[in-house]
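The active site, nucleophile annotation in TrEMBL covers Cys7, Arg13. Per TrEMBL, the feature domain 'Phosphotyrosine protein phosphatase I' maps to 1-177.
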Amino acid sequence: MKILFVCTGNICRSPMGELLFPRFIADPAITVRSAGTHGLIDHPIAKHSGELMRHDGIDPSAFRSRRLTPAIAQDADLILCFEKAQRADIVTMAPAKHRRTFVLPDFANACSYCAKAGYVRGGSPAARLESVIANADLARPLLPPVHDVADPQGKDTPAFITAHNEIVTALNAIALAVR
């Protein structure tokens, strides 16, 4: 399974998602990458995001940003973005991915709901993630409204900490549902 995290510039939120995800779900069948809808090309992770990753014991020095393209989107099995507007951009770029593209907290809520309802099935985390994707439309009417993870770019450290904590909370919910 190929998971793609997408934010705007691919230097703040999506790199944190890419780097943190394997800490929550380690499955050799899952690869994780990131890109930006208006992504900077070949930039390092933002300073504050990098500091938070180092605080989490993750070395972000090899990270380089990239811009989302239709080919990158088409190649992904699950696309997790951070804002409703990004989801709209992704679905416009790659319409076939509309059922596989979610705002991160919304996908976390879908995972939690599907786990409680007994819809999470499969012998591996990748298979269980696929079962959530397959059942997400059933869960949608019962989930809270979609919540964006605010872009911390250009803001001080507290905004980055808030984004980081929201990402960690969502990844933890996903992991609890599909481990």
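Cβ atoms here come from the backbone N, Cα and C positions, even for glycine.
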Checklist line | Around the Cβ of Cys7 (active site, nucleophile), the count of other Cβ atoms that are within 10 Å | finding: 31
Next item on the list: Write down the Cα-Cα distance for Arg13 (active site, nucleophile) and Cys7 (active site, nucleophile), rounded and given in Å.
Entry: 6
Next item on the list: Quick one: average pLDDT across the domain 'Phosphotyrosine protein phosphatase I' (1-177), no decimals.
Entry: 97
Margin query: So if I draw a 10 Å sphere around the Cβ of Arg13 (active site, nucleophile), how many other Cβ atoms end up inside it?
Written below: 32
